[in-house]
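Working notes for the structure below.
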Amino acid sequence: HAIPVLNACPRYKIPESAFSDLEDGNTRNLRLIFKAPNGTSVSMDNWVQFNPESQEVYALPLDENVSRWPYLLEALDSEGASVSQTLEIVVQHHKIHRTVNHEFSLHLHIEKKFDFPSAVDWELHVLEGLARLYGDPDTNQITVRNITLHSDPIIFTWTNDSIPRRHCPRQDIDNLFKVLTVNEAGDPSFLLKEAMLSAVRVKKVLYRGLGQCEAPRGPLLTPQQNFPPMPRNQVDHINATVGQLLVYPVPEDSFYDPEDGNSRNLKLSLLTMDRQTISPDNWLQFDTKNQEFYGVPSEGDQGRREYQLVCEDSAGQTANDGLVVVVHPAPRVQYSVEFVMKLNIDYSTYKHSSSLKRKFVEKLCELFNERNLSAVALGPVTAGSTLVTWYNRSLSTDTCPEAEIRSLRHVLMSDNGGLSERVGAVMGSVFPVMSAEVAPLGRCQGELTIHHAPEGPPPPSDDSRPVISSDDYLVTFIVPAVIIAVMLALAGAVACVLYRRRRTGKMAVGDEDERQSFRNKGIPVIFQDELEDRPDPGDKSPVIMKEEKPPLPPPEYQRGSGELSPPPGAGHPLLGEDDAPYQPPPPFTSNRESGRNTRPKPTPTYRKPPPYVPP
């Protein structure tokens, strides 16, 4: 449940469904116990209280209570069995805490303390009385700014939210003040005493202008009264980047105190949202002397985190300012050169000390005469020998700044490869440097940039032989050879597939023996349906061989008594008396046709001559 700070009367009723019991039912049938975050009971002076009868949490948080509070809520059934649940209360700044232009203070004395179970109860009694005095239906128009519990008299300070805040509405403030007092001395009015009833007695009423209405009025400023500081120009938001030094000074006008002045005369400290002191190994630290935030975040510090900046005046009065610190990842930049230093200090001491990292960056800037602290980007730190890596963000990354790199190397190392005298003089005994290295990166990699390894003397270089890095060799030779081999393999595979398809697609009929017989004989296959019968012409003359004689003219017959008979002694022109009847020669066949057993013999297209019958 989020409760805004300086709210009049925030209340939260525990839902019925928060707890459930098989025998007793929901939360309304259970007994609830409200405990502090450490498990103990809540004190009567605490700013938040719990009503077990109505099962309601009520509170009056102030500026000093801005944080997250994980309270415990325990439920017990009729048999004594219990279960606990965390109820987190988040206290935030009020939305008008920067634009307040006035405040009223009541000097009170609690006449009947036993009528109030806790301090919050009489505070709410005073608050409700002020609302009745001004005729408000609720307490939403009244914002409590401060309450001094352990003083006599008790000072109850509040402001009215119903008047404008863009300018100083002096007439409206005077009208509010006249309802509270009867004179300029601040004596309470009869209406105010009646609204407070007999349980609370009002001794004095004071007014103080803030912001545009800061001019004192009436008996506000007295030597005996001290007012707490107020926030004005808050920090609110801070951005940091991994590997880069953050130095953020607090503005002078971030707080103001009527007695002590601006922030330079006040004591500032940094706390977590749980109002705990900052751990020494936390990356973000606060310099109370110079009033500035500083630190170098690492990869594990990325993200958003909330802090509290606490301001304290000379009298011990405090004011808080909530701020958010966001750590962004390091930008993806291909630097031109990488610097490495081997330090003779403990690895754990350097890694978990923000002050050492800050001094190291400042020493590097002094070594290279660099005024901009953000030009140095710290890289990873190697354990064991404490190898610190950093980059120069001022060098160009589009081209290789060969001249600048040689100049930086000359500052860091001597001509023989050892450390220069300036390194020992600047880094001093705080950061004893054992060795250094300058390694080209990005566009400078593979060029003739001189670098020195941290272990052993530098290897001899041959200027006549070009320096080829592993990446250039890979791109120049290995990658093209692999591409050509893959292309040749693909071409061979495609050729094999096409050749196989061509051979299997020609003769895909019959079994393997039939295809083999056709390949051996070389005889084309002609199906029955492919034959074409052509009729022979009717006027075709018979074929006469050389051994045959042409036929003789037909014989002449004599006409007699109605019968024709050949002449005496005449026979058949082609046959003798003892010869057999004429037989035509067999048809001519070729050897090719004789090999075809399946083809039928064609029907002859001529008639045989009739047989000769002798008389």
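Don't overthink the numbers, they just go from 1 along the chain as shown.
Keep in mind that glycine also has a Cβ here, set from the backbone N, Cα and C atoms.
Over the domain 'Peptidase S72' (99-212) the predicted model carries a mean pLDDT of 87. Positions annotated as domain 'Peptidase S72' by TrEMBL: 99-212 (among others).
Taken from TrEMBL, the feature domain 'Peptidase S72' covers 334-443 (among others).
Long-range contacts of the transmembrane segment (473-499) within the same chain, counting only residues at least 6 positions beyond its ends with a Cβ under 8 Å from a Cβ of the stretch, are absent. Per TrEMBL, transmembrane segment is recorded for 473-499.
Taken from TrEMBL, the feature region 'Disordered' covers 508-615.
Summarising the annotation, TrEMBL assigns compositional bias 'Basic and acidic residues' to 534-550.
Summarising the annotation, TrEMBL assigns compositional bias 'Pro residues' to 601-615.
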By DSSP assignment, list the helix, strand and coil residue numbers for the domain 'Peptidase S72' (334-443), in that order.
42 helix, 30 strand, 38 coil
